[in-house]
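> Supplied in structure tokens, the structure appears directly below.
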């Protein structure tokens, strides 16, 4: 079943090139959806099912939706996707770069691969992600408080950056 | 800016540096750096001027790239060695990537291009915070990692001193000159990092003192170009008479304090049989000295042809906080005889 992982990673690189090559945020965010979905699949294959679920829900379902709404308010009326030659050329260029660097640095396709290590203390990786989250709430309490404070500071930073209608940092909204 | 927000942001900046100082885990170190980046963003664009916003965006993009590189390197290190400790990085790929990421964070050549443009878009106080406080956390990390490759740090250092010298030569905007001066000083700090880390710390702290006095002198005179500096001698003649000493101290001339780090670094490099490198670095300091001399020439040593009305303004007491300026200017000029004591205090 390494073939399945091969296809997932292939889609990941394709999605990465799509995100990097599109100047319009609509198509770049679409590529990001594909990359995040495939990344969740890779994560499930390595045993982090809980983490993959959280990634899908919060990253795709929360942050990317907010980004899509913000982009819809602020982006251009005539977005350029893969239909126009400069964008397609950039995409093919990125893929060519990845393939050439890959063939330059890999001895063969079947010699080496990165395998997942299973043990860390008393956690086995299959349950590691769930146990990790539980630990954050118990013995990692100080770091949880720090994370909460940093998120609050981030909220203040974003509010300060977007304060004011047209005299603010962002112009239109 | 709302004083509550300002308090929270300044507190977050202190928190970020403190977290990085206190960390031995790479994730915590990264977290401290990100908090620092995040908290300074509203400070940078508080005037909401398009130039300031442009500087904020450039700063954010470069710092985010550097933080992402740092994260990749630490994750690669964790995957190879199985542990996340800062001091035990033994493989060359993660260590090199971390060094390059931190070089981008602080603005070493050849990763320096963002620094003059970002500093140009900020007012002098925020530029001061950027040049001094934001360098503390990355340097703390640089001091703790084992360098993988001897020549990487030497190339970064020498390129920075040369770029800092040559880049500042054709500038008449003071903030860009200060940016190139920062790049040059960072180059000196990195040169000696792997041989005698206490000298890196010494150079960093001396640079903080010297550049603080220069930034605040420019701020008291409210001048950001050499032209406006040349007319500012009548605002505060004491400052005009002290600024050449600050500038020559930055250039590294004895008997001023700025000679201390350069002298000790040259001595250490010679002891490590790197005498040609030491010679090159000393020669590159001459380039920086030229534009420091140009500023002092325009400010103090000549009187620009203009109407004489500016010779007799009212010498009103300044509302700005000049006590820190007085303290740092005195330290910039008079600290050289205390060199042995300072070395002993800063021995890591």
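Note: Cβ is positioned from N, Cα and C throughout, glycine not excepted.
TrEMBL lists B:23-287 with the feature domain 'NADH:quinone oxidoreductase/Mrp antiporter transmembrane'. The domain 'NADH dehydrogenase subunit 2 C-terminal' annotation in TrEMBL covers B:289-343. If you look up TrEMBL, you'll see B:57-80, B:92-115, B:151-170, B:177-196, B:202-221, B:233-253, B:273-293, B:323-346 marked as transmembrane segment.
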> State the non-local partners of the transmembrane segment (B:273-293) in its own chain: residues 6+ outside its ends, Cβ under 8 Å from one of its Cβ atoms.
154, 157-158, 161-162, 164-166, 168-169, 171, 177, 180-181, 184, 187-188, 191, 247-248, 250-253, 262, 265-266
> Give residue numbers and ranges for long-range contacts of the transmembrane segment (B:177-196): same chain, 6 or more residues beyond its ends, CB-CB under 8 A.
103, 106-109, 112, 115-116, 118-120, 127, 131, 135, 139, 142-143, 147, 150, 153-154, 156-165, 167-168, 171, 203-204, 207, 211, 214-215, 250, 261-262, 264-265, 268-269, 272, 277, 281, 284-285, 288, 291-292, 295
> For the transmembrane segment (B:323-346), find every same-chain residue at least 6 residues outside the stretch whose CB is under 8 Å from a CB in it, and list them.
198, 201-202, 205-206, 209-210, 212-213, 216-217, 220, 239, 242, 245-246, 249, 254-260, 264
> Counting Cβ pairs under 8 Å to the transmembrane segment (B:151-170), which of B:92-115, B:202-221, B:233-253 comes out on top?
B:92-115
> Using DSSP, what's the helix, strand and coil tally for the domain 'NADH dehydrogenase subunit 2 C-terminal' (B:289-343)?
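Each residue of the domain 'NADH dehydrogenase subunit 2 C-terminal' (B:289-343) counted once, the result is 37 helix, 0 strand, 18 coil.
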> What residues in the same chain, six or more past the boundaries of the transmembrane segment (B:233-253), come closer than 8 Å to it by Cβ-Cβ distance?
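181, 185, 210-211, 213-214, 217, 220-221, 259, 261-262, 285, 288-289, 292-293, 295-296, 299-301, 303, 310-313, 318, 325, 329, 332-333.
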> So what's the mean pLDDT when you look at the domain 'NADH dehydrogenase subunit 2 C-terminal' (B:289-343)?
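On average, pLDDT over the domain 'NADH dehydrogenase subunit 2 C-terminal' (B:289-343) sits at 87.
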